[in-house]
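A.B. asks: The structure follows.
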């Protein structure tokens, strides 16, 4: 069974990107592939882009779609093995995952990091629970530590906008008032390690990502130096990983500006806080790729669903 | 690009009403028109009729439908220009509107007046924000100051039930325990000004609607006098406009009764509070058109979507 | 008009079960039957299985589906006759039911017992209100006192797994931390009374179900004795009926275990609290039918919708 839990589940990233770009030109070409197939989108957290783009991708492939906000429409789930369920949880992941598998052919799940407990977040109890007990393919619509549909959309966007044999791509941390998860940054780094690019990660000291993920990447604490001659600048906030889930300092001087960006293209997964993460001039200027990235979410989801549908025909 | 933000966006009201009545007879006639087209319904407020009738209308036209409760499923939106987004708002309308435009062909939006600040409500930040930044047609499913899908359904209902060359139509204010917006009344008045009818607005002093909208209309503070020989009585509560958003007094004697109604047909947009806005005898009697009005919501939405689809084929 | 409010609305249970089993083999066989027909699923309470399986059943029959969480997406409903609606309720069931009837061909409703007031719960104001005022068929997706889609799925599961001319089936009460409604047990008892089986109900004293429903059934307070030589054990918690809605004592020794189950098949409607209602060993063992029961929810809903669609073609 073919899941899509990590960007590494794309067995040939270059080919998937090329196929996604082809799908973008003819979105309805495979409309018969998903006929009489159903996808269920389960949201444990809010969503705008993922909700709409994954629905759209499934409909482009002719699938039926069922959307469910698990938090307030379903039952609170228990994930522990052997628990005596005498408290607030009404249903165990073992049943929930098997039951959902009776009603659809693919299940897609969004469950964010809670940023309270690193070990618990990294255990990915929701996504891993569904993967372990479901009898159908599972798609990650952003879990505690990964957002591989976003990373695939980012790869598509890079491919469409790159003119160089080996572009320079910078992942630049940005200030944010709230503590945010590492999922987007993690998946972007993993994806970039598969690209033929000069890749640099820049952030203030204390905001190091999981070193198992960034292993082998150049990390530069001087933002200005990191940005020199960049072709693409991917901006994203994340909270501290070592001091888990903390906003250790505001570093408002790390906000991306048109001046810092220079001639590079600007990327962000959205939602983005204007004049906090990035100034208006960048988002409103013509070097911004953020809307195209959002558009490419449809085609990253569509290539993933197409690849899965081809295995369950 | 063709939006439907106001009843005035129906370029020929009489013809739209006639076409809607024809659609009602053959709802599936244009099922191929919306094939491979998607509408997204975004709700910032509760909805029963609008939610179901607009979905139904879109499905009658063969469209795919995505429904989203923006408030609790998406991200809190910022509308201000140049704001430093360091507070509770996660996404700016500029991005949200452009992003939604990537995933659908038409977007329909419901965002009520908050009745706290007249200037802010009249700025229609949600509807206007989407209209300004979206790259697709926008449909108003009730905004702060207008409910043109309701007014179009009302026009259809009047046309179906009128036997006179120039009927008398009365818009009669009704008591209500809560402060309600002016949107329904505003759009009804605008629509009536396009009709060949004797039109009278009646309400207690202090409940004057926006004079820019009622300009040229007969306003009568004596309800009994206003209702004399009426053919249609449209009942609706609204809060004070001058003392913005206030319930200035209860005026329970303004409730519509069978006796007051006499031989006129009764209209209301629903939901309606029984024995507060109107007595049971009226709603349960055969002069009430409220269910037919609700039914006509499907066809007012359907003619609007059909007109828009014809421009984006 | 054909409603499905109670298991007794299946006019020939054996035949419906056989037809459902046939549908399970060819779920899409009647996909043209529901073409251009719409079902609206209205949820006043949470749901996982019912939400997804009823959608799936409707889609298998080619219907369009509209799902609505009435509680937080619609308006608070008033059910009383003649009430002056000056408090929190915005809409009367009379209008709501008639209005929903304008937009769909079948309406399905979930509204649980509140367990505060027996007379009010037994009046089934939501389900009965819709049944009385809607002009379309109504399907019960679990009301205060009945869950006939579950009972029909249970009948299908029994039929598929039974090898004896007259099997022994035991309904065994189980401990639970929260007060739960009687709906599932009631409908299971009603269904079993239509079966050729040796049927026993077992529960601690004080947990007697409504005697009008259990009339003629063997009730045994000694769980061990009840379970002797059972072929199927259906486990379910319910709160007290006489001391209405109370958890009178915890009776944790009534939990189902593999030892107690012996060679019988285990059934439960789900969601189930592990190691409270039933121990892990049962759910994880191969005598458990719970996932198959959940799967059969699709086909119980599908046969119900098929029977209704055949009357409204």
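Every residue, even glycine, has its Cβ placed from backbone N, Cα and C.
Those TrEMBL annotations? Automatic predictions, nothing curated.
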A.B. asks: Out of B:236, B:306, B:307, which one does TrEMBL list together with B:142, B:176, B:273 for N(2)-succinyl-L-ornithine?
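C.D. replies: Between B:236, B:306, B:307, TrEMBL records just one in the N(2)-succinyl-L-ornithine site with B:142, B:176, B:273, namely B:236.
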A.B. asks: DSSP secondary structure for residue B:236 (N(2)-succinyl-L-ornithine binding site), reduced to helix/strand/coil, please.
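C.D. replies: Going by the DSSP assignment, residue B:236 (N(2)-succinyl-L-ornithine binding site) falls within a strand, counted as strand.
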A.B. asks: In terms of Cβ proximity below 8 Å, which binding-site residues out of B:49, B:75, B:149, B:176, B:236, B:269 neighbour chain A?
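C.D. replies: In terms of proximity to chain A, the binding-site residues that count are B:75, given in sequence order.
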A.B. asks: Need the DSSP three-state call for residue B:149 (carbamoyl phosphate binding site) to compare against my parser.
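C.D. replies: Helix, per DSSP.
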A.B. asks: Per DSSP, to which secondary structure element type does residue B:176 (N(2)-succinyl-L-ornithine binding site) belong, with helix, strand and coil as the options?
C.D. replies: coil
A.B. asks: Just give the helix, strand and coil counts over the domain 'Aspartate/ornithine carbamoyltransferase Asp/Orn-binding' (B:184-305), going by DSSP.
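C.D. replies: DSSP composition of the domain 'Aspartate/ornithine carbamoyltransferase Asp/Orn-binding' (B:184-305): 45 helix, 20 strand, 57 coil.
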A.B. asks: Only counting partners 6 or more residues apart, tell me which same-chain residues put their Cβ under 8 Å from the Cβ of residue B:47 (carbamoyl phosphate binding site).
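C.D. replies: Listed in sequence order: B:110, B:141, B:142.
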A.B. asks: Between C-alpha atoms, which of these binding-site residues comes nearest to residue B:149 (carbamoyl phosphate binding site): B:176, B:236, B:273?
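C.D. replies: Going through B:176, B:236, B:273 one by one, the Cα closest to that of residue B:149 (carbamoyl phosphate binding site) is B:236.
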A.B. asks: Please work out which residue of B:149, B:269 has the most C-beta neighbours within 10 angstroms of its C-beta, and give that one of the binding-site residues.
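C.D. replies: Answer returned by the neighbour count: B:149.
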A.B. asks: Quick one: pull the CA-CA distance for residue B:147 (carbamoyl phosphate binding site) versus residue B:236 (N(2)-succinyl-L-ornithine binding site), whole Å only.
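C.D. replies: Distance between the two Cα atoms comes out at 13 Å.
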A.B. asks: Return the binding-site residues from the list B:75, B:147, B:176, B:269 for which some CB of chain C is under 8 Å from the residue's own CB; sequence order; 'none' if the set is empty.
C.D. replies: none
A.B. asks: Taking every residue in the domain 'Aspartate/ornithine carbamoyltransferase carbamoyl-P binding' (B:2-160), what is their average pLDDT?
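C.D. replies: Result for the domain 'Aspartate/ornithine carbamoyltransferase carbamoyl-P binding' (B:2-160): average pLDDT 97.
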